[in-house]
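J.: Handing you a structure now.
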């Protein structure tokens, strides 16, 4: 290209090109046009800004700390254990007061287990035997309690028996009480202390009433009327989650306690409140199903005067509570600019009118 | 401005202003123009709607509950402990069956520790001494087991020794077995029960086959063919995560078990399935590195007839399993409106043609 | 419509319709027009692309594993317990080295509790009585330690007393030491090993220096100069979180340790570094408030020669540390296409010029 052509091209860079418009002086079309324009503007202002609060910056990186503490004592009188009192150190596992805690409501105790040989439980299919060769020495019983010694133990006069095993003896008997041992746990209370913080906005709050009145926090119980009393009766939690306490206490189960903090920090801090919801997390299946309930085994280890270890095996049924906290804080910010750019189509419309 | 001018301005508000168009009756350009238009439309409909399912509302606030239960027995015969059976209550820590559980596969036992004075371990640099003044009384041994008493204990005839300390005595000897004690844990199984719920859509599901056939859930093992059998062999989990069980059992390690539920709830519930993936979470470093493996110490406390406490210290090596659940549910919704507004450029094009 | 009309309609589909433009050869307006165009382009390129890295794909599904290990020994000499050494197995709860751990710094010990009857603590309002009828038999003491037997126990000569209860006796005396028992825990260290992985990008990293120099990792302490030494002095953590160790050790509290990994994986892996921040998670309230501090009760169970259970109840005060890991990885990707489509207004402008 010649020098002239380059110059023309360069100059044309500073030409202002704009669409050519037709003005239709038709009132009907004009009104429709403005109505459409206004409704889109109303959508943006009304929905995106006012309802969805698009102008706010949100902080979803909530910092949360949960401390839980149970209170309550239960009395039981069984042929196996005699008269017994159960307090917090007995029935809460683990004891640390974290956001996940388990309340033991039923248990099968197998005391004085020692490393020895004994007959495997007859309820385990793999342990049934007719003769010694059915019990391969050194083989672990599938889903059982020990390792086979190679002998088949039979009751006098019977033709079938169970393999002898090396195990913690005697083995657990599979008989669950018909009624939960600690059914009175329904009246136990749990204090759930939750502090939250939105680090971006340096805003902190707690779910506990800021009061000097100590007796209030010692005697109150959470309800709709007392949203800042974080003391919950276990029976209420289970009922609010749609469960039946006595049935869950027998079989075990898992309850979720959600705490939500959705805070509009443009408003007063007193408008930033926790919202609780309760749900049953394990599937409430048929009673016969293998997958229903919640239980686990643990042992307390002792040593006798001869230095030999023995233990008490406990199969614990109970309710696990999972406290889950989530929330977001929102605050005014200069996202406005970003929205203006998105809506530039409208503003450009205005500009053009001025040019004309 | 005069009244007339105001009136003119007001009337002009209801003018309909539109761009003036040129119709080029050139077929080549016309076809190109439609092709471009169609491909953008195809992108929106095909990609955003059909592939990305932009018309669906998603719920990422998954409520999940995990219950784990191990099964398996191991037999060991060592000079220190004699013949011993290890069952679930012995090797699972903590026992509660939460989503994070640890299986002890190797251990160093230091029995009968009592509060007393003894020589610090010679493998701790800070405890080495030539004379009593090297052992400042009351000073804690750095990275050691106790507090110095001020004496330097030497073996007969040697010139170097270790400081005497007040500690749980005797102190642990640093000798790790060459082979994992509970290497047979490779055959143990874990039952991972996971219930999920999308609260927004009131949809619940479980990773366990809904069957009346209890024996299936007692004998099955998870595999691609049995995706609804939630019973996993520990050895398989480690292999799928790319690890070697016997090596991890010796040194310890951490395995992650991810369960993903990405559910299109417009389809049948049977299409909403869990997807498992397994990965090694700790860095598999060189064996010599200080940062490899996973172990911790805990103690069992006893009291003798005189009321004096003693304990058995256990340094446990093993594999920690972290079950992590995530997912999202998606459902049809009226986001359509929002997409229509975004695509209004195309629809406006049509409108204009009609006006003309 | 006739066949002709249909044909005309069909042909008109391939007409190319475009706006009619006016070229204003006004330099001032032209320059303004280009400046506006350039600044929008600069915004997109400069802000969205370069600063916000809009061209990168992000992975927020961080896989993280945290292993913690404490070191340190404390010596105490109290009238109750005598000379005693506290080591890791004594003061860390739970012992597993998970991401949440508790360091016991103060405790109230109630030894030799047995199931028996004794007087309830006088500090519990519900247990105060004037006569036996105030102590309804079988009723649990509200916020107390046991179940009333029906008797009111009074000291000789006094008119008020407390109900006799069936409980773990003797009950705990509510007297907290003025000084934390394990105040020297300030010098304990914790080794926090954090491995992360961005599964989408197959990128792994650890917060531990990859070095063969084992002695570095045994002697170093975390600081701004040593960001890859993951050994923290507890006293420093508390100070960085804005707390006072001795005060927290007395009352208990919760400290959050955030580890952030925001990694631009387009750069070298050595640019992907962990950032630590520390904050106090429990609300630092007035000392008198019921909601301040952190403590819990647990028990060690023993069995005497007669086979009767007894226990030592421990009310533990201390500091809970919550290690929280989050982060996101970002990587170049073909989101470019999506941005081009969004910016098509500009590119279309060019096309039009060519057409003209």
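The backbone N, Cα and C atoms fix where each Cβ goes, glycine too.
Pasting the relevant annotations from TrEMBL:
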type	residues	note
BINDING	A:69, A:70, A:71, A:189, A:295, A:296, A:297, A:315	ATP binding site
DISULFID	A:118-A:169	disulfide bond
DISULFID	A:129-A:152	disulfide bond
DISULFID	A:135-A:163	disulfide bond
DISULFID	A:220-A:229	disulfide bond
DISULFID	A:263-A:272	disulfide bond
CARBOHYD	A:187	N-linked glycosylation site
TRANSMEM	A:31-50	transmembrane segment
J.: When DSSP is mapped onto helix/strand/coil, what comes out for residue A:135 (disulfide bond)?
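T.: It is coil.
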J.: Are there any residues at least 6 positions away along the chain from residue A:118 (disulfide bond) with a Cβ closer than 8 Å to its Cβ? List them or say none.
T.: A:164, A:165, A:167, A:169, A:170, A:171
J.: Between residue A:129 (disulfide bond) and residue A:315 (ATP binding site), what C-alpha distance do you get in Å?
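T.: Checking the Cα atoms of residue A:129 (disulfide bond) and residue A:315 (ATP binding site) gives a distance of 27 Å.
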J.: Can you tell which of A:135, A:169, A:220, A:229 has the most other C-beta atoms within 10 Å, given these are the disulfide-bonded residues?
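T.: Output for this query is A:135.
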J.: If you count Cβ atoms within 10 Å of each one, which of the recorded positions A:70, A:152, A:263 comes out on top?
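T.: Its Cβ has the most other Cβ atoms within 10 Å: A:263.
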J.: If you measure Cβ to Cβ, which of the recorded positions A:187, A:263, A:296 are under 8 Å from chain B?
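T.: Cβ contacts with chain B under 8 Å: A:296.
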J.: Which of the recorded positions A:69, A:71, A:272, A:296, A:315 have a Cβ less than 8 Å from any Cβ in chain C?
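T.: Near chain C - Cβ to Cβ under 8 Å - we find A:69, A:71.
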J.: Could you say whether, by DSSP, residue A:70 (ATP binding site) belongs to a helix, a strand or a coil region?
T.: strand
J.: So how many other Cβ atoms are close to the residue listed as 'N-linked glycosylation site', meaning within 10 Å of its Cβ?
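T.: For the residue listed as 'N-linked glycosylation site', the count of other Cβ atoms within 10 Å is 17.
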J.: Roughly how many Å lie between the Cα atoms of residue A:135 (disulfide bond) and residue A:189 (ATP binding site), rounded to a whole value?
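T.: The Cα atom of residue A:135 (disulfide bond) is 50 Å away from the Cα atom of residue A:189 (ATP binding site).
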J.: Of the disulfide-bonded residues listed here (A:163, A:229, A:272), which is spatially closest to residue A:71 (ATP binding site) when Cα positions are compared?
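T.: For residue A:71 (ATP binding site), the closest Cα among A:163, A:229, A:272 is found at A:229.
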J.: At the Cα level, what's the spacing in Å between residue A:263 (disulfide bond) and residue A:220 (disulfide bond), rounded?
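T.: If we compare the Cα positions of residue A:263 (disulfide bond) and residue A:220 (disulfide bond), the gap is 25 Å.
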J.: Of the binding-site residues A:70, A:189, A:296, A:297, which sits closest to residue A:229 (disulfide bond) by Cα distance?
T.: A:189
